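Since the structure comes first, as structure tokens, the remarks are kept for the end.
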Amino acid sequence: MKNSCASRELSVGELARRAGVAVSALHFYETKGLISSQRNAGNQRRFSRETLRRVVVIKVAQRVGIPLAEIARALQTLPAGRSPSAADWARLSAQWKEDLTERIDKLLLLRDQLDGCIGCGCLSLQACPLRNPGDQLSAEGPGAHWLDAEGREHDG
């Protein structure tokens, strides 16, 4: 007999099915403190209905590349005992948009710097610590320094 009461709790299987995640993902989220459950008399996990929306927030955030540690920090700012509201989502997504924009900008810069290495191929350009950080021979300029012009080994 199904309980139609809006406040009823969800089993781990129900929550997994409704959220579109594996049961193991819910267990993982719980061990990371992203969601919580109560145990019933039979020692089975029971999740509040609000947890469904939290899992959806986790999934969306993960899909756009937000690290779980960031998601956990964000979820800690939400009040317990209620589903995240539209205002909660607006606040979280605004912060995540800022972070994503910053990461995208960094990735675009890295991509553009990487293009400069294609012609050289030696990965010892002194202009870019990304390509070869701490290069001992970078003071001698770009290019391979252990080979002479004909490609023979050279005593450094």
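Including glycine, each Cβ sits where the backbone N, Cα and C put it.
If you look up Swiss-Prot, you'll see 9-77 marked as domain 'HTH merR-type'. The DNA-binding region feature in Swiss-Prot is assigned to 12-31; the stated evidence is sequence analysis. Taken from Swiss-Prot, the feature [2Fe-2S] cluster binding site covers C117, C120, C122, C128. Among the features that Swiss-Prot reports, region 'Might be part of a sensor region' is placed at 117-128.
With helix defined as DSSP H, G or I and strand as E or B, the domain 'HTH merR-type' (9-77) counts 40 helix, 7 strand, 22 coil.
Model confidence over the DNA-binding region (12-31) stands at 96, taken as the mean pLDDT rounded to a whole number.
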